[in-house]
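Here Swiss-Prot flags 3-34 as zinc finger. The annotation domain 'ATP-cone' is assigned in Swiss-Prot to 49-139 on the grounds of sequence analysis.
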Amino acid sequence: MKCPFCQHDDTQVLDTRVSEEGDSIRRRRRCTSCDKRFTTYERIELTMPVVVKKNGSRTDFDPKKLQGSLQLALRKRPVSAEAVDAAIHRIEQKLLSSGEREVISGQIGELVMRELQRLDKIAYIRFASVYKSFEDVAEFQDAIAEVGRERKPAK
């Protein structure tokens, strides 16, 4: 590996450790030319599927867009940032584990709705009203009734 200080091509690995999370390897290195030390990290590079929009265009998956959608639905709701991050992580894991190269935007919307249903029922209704393009009060009432049915224990 090239030294970031002097650009020399030869460096020596002094120490190698697995991160606490187990998802990366930390290497402490020393340049054989300038003797300076630096740290590198090795991580698995996974490629998220390409998102196919309603109009047929394709775009790269953007976790920031996902985060923005969740935060907008959860605005002024008592849900922690950690819970939002965990929901984003679960959605990303589902997309990665599908093994698909492409995912239809509607599938992501459905995953977001499931996560919001778990996190906050009000945020779920907010998101569903936009995502499903509610056009009248009856559609809101149906969604609210559906959420209400899920809360009642089975007899």
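From the backbone N, Cα and C atoms, a Cβ is placed for every residue, glycine too.
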On the DSSP side of things, how many residues of the zinc finger (3-34) fall into helix, strand and coil, could you say?
0 helix, 16 strand, 16 coil
Based on DSSP, tally up the residues of the domain 'ATP-cone' (49-139) by helix, strand and coil.
58 helix, 8 strand, 25 coil
